[in-house]
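> A single structure is presented below for examination.
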Amino acid sequence: MIFDKDDFKAYDADLWNAIAKEEERQQNNIELIASENVVSKAVMAAQGSILTNKYAEGYPGRRYYGGTDVVDVVETLAIERAKEIFGAKFANVQPHSGSQANCAAYISLIEPGDTVMGMDLASGGHLTHGAPVSFSGQTYNFVSYSVDPETELLDFDAILKQAQEVKPKLIVAGASAYSQIIDFSKFREIADAVGAKLMVDMAHIAGLVAAGLHPSPVPYAHITTTTTHKTLRGPRGGLILTNDEELAKKINSAIFPGIQGGPLEHVVAAKAVSFKEVLDPAFKEYAANVIKNSKAMADVFLQDPDFRIISGGTENHLFLVDVTKVVENGKVAQNLLDEVNITLNKNSIPYETLSPFKTSGIRIGAAAITARGFGEEESRKVAELIIKTLKNSENEAVLEEVRSAVKELTDAFPLYEE
């Protein structure tokens, strides 16, 4: 049974209507979740292509099934483009997600039970950097490092001292909620000083790295992992990079047959076309605008004494705001903003005192609104609308004003041009 879009609507109206409602939600909402973005129609077309039919266990030129000549071309395009973007000698484009990429990196670098240092979740790390609820924290002996309690910045002297004490086999750098530049060369110096390997998870900043607007970890890390969405503006998926041939072999084996079976070649195709977009000079302009818009929003909060920006500002696509002077917690803030069609997420802040289901902060990202065409003026307006909402949470007239302002912005910058 092969049918076109109109047949799909008639065949499964329930699913069609759900997708249509999500399209409407995305069009009419201001999206500030830092891990989300808006992909191109080319990315969606590739991901929805006939390649979804093809099973292709293995790697280009070394498949377990026949009929893979074409998908070999597709995957090779993705690999070569990824290598060109990040200046890496080897790339694996098959990971289904960033977590899968991290899992494969760990398998390639260490053994179960080995000691690993990773960034504390409340300081900005990720679940896969050693959280007890994650496979990482359950498989390896993770010891967390934190940001400085005063500056809320990475303290490399403290990290070195901690590394000398715990003697890790691996140090993991990278974050999901850290708004400042990360000096990967210092992390490599620390790793070398204690005889550890360095792995960098650059999932959040990969697009900025690709555009040359954040220092690249690739020359310093033994293995670099990333997602292909977020600031890279591709499909949801993972990517692993290295300059070490022996590690590249281990990575390939860790992905297949280690933790995955057949790759999702339709997603690999979507990665390939998104990588071509990243190689276009227009992407560097986009990435620069992401940072400008992030700073523009942060500046509005910095001028209001009722809010506190973690670490005092931002140098990338996101920042955290302590909202506890204005509302009870981050969850309350998230829910209030949902009501006015502004979407973001509650987020723990360094040395958090509330549960991760409530949190003291919210995380604000600029990647998706920038993809829609928002500039600094619109970004400042968005920050003002957030503040207006949180300070007038029980004033329905004010909240309706915010909804109208949100609608004006989303109408002015459609998700996709017809």
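Glycine too: its Cβ is placed from the backbone N, Cα and C atoms.
So Swiss-Prot says this about it:
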| type | residues | note |
| --- | --- | --- |
| BINDING | Leu121, Gly125, His126, Leu127, Glu246, Ser355, Pro356, Phe357 | (6S)-5,6,7,8-tetrahydrofolate binding site |
| SITE | His229 | site 'Plays an important role in substrate specificity' |
| MOD_RES | Lys230 | N6-(pyridoxal phosphate)lysine |
> Nearest to the residue listed as 'N6-(pyridoxal phosphate)lysine' by Cα, among Leu121, His126, Pro356, Phe357 (binding-site residues)?
His126
> For Leu127 ((6S)-5,6,7,8-tetrahydrofolate binding site), which residues in the same chain are close in space, meaning a Cβ under 8 Å from its Cβ, but six or more apart along the sequence?
Ser99, Leu121, Val133, Ser134, Ser136
> Looking only at Gly125, Pro356, which of these binding-site residues has the biggest number of Cβ atoms within 10 Å around its Cβ?
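Per the Cβ count, the most surrounded site is Gly125.
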> Which residue, of the recorded positions Leu121, His229, Lys230, Phe357, has its CB surrounded by the fewest other CB atoms within 10 A?
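Minimum Cβ neighbour count within 10 Å, taken over the recorded positions Leu121, His229, Lys230, Phe357, occurs at Phe357.
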> For Phe357 ((6S)-5,6,7,8-tetrahydrofolate binding site) and His229 (site 'Plays an important role in substrate specificity'), determine the Cα separation and express it in whole Å.
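So the alpha carbons of Phe357 ((6S)-5,6,7,8-tetrahydrofolate binding site) and His229 (site 'Plays an important role in substrate specificity') sit roughly 25 Å from each other.
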> Rounded to the nearest angstrom, how far is the Cα of His229 (site 'Plays an important role in substrate specificity') from the Cα of Gly125 ((6S)-5,6,7,8-tetrahydrofolate binding site)?
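Distance (Cα to Cα, whole Å): 18 Å.
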> Under 8 Å Cβ to Cβ from Glu246 ((6S)-5,6,7,8-tetrahydrofolate binding site), same chain, six or more residues apart: give me those in sequence order, or none if nothing qualifies.
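Listed in sequence order: nothing, so none.
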> Where His229 (site 'Plays an important role in substrate specificity') and Pro356 ((6S)-5,6,7,8-tetrahydrofolate binding site) are concerned, what is their Cα separation in Å, rounded?
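The Cα atom of His229 (site 'Plays an important role in substrate specificity') is 24 Å away from the Cα atom of Pro356 ((6S)-5,6,7,8-tetrahydrofolate binding site).
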> Taking Leu121, Gly125, His126, Leu127, Glu246, Ser355, Pro356, Phe357 as the record's (6S)-5,6,7,8-tetrahydrofolate-binding set, what's the max Cα pairwise distance in Å, rounded to a whole number?
42
> Find, among the binding-site residues listed as His126, Ser355, the one whose Cβ has the highest number of other Cβ atoms within 10 Å in the structure shown.
His126
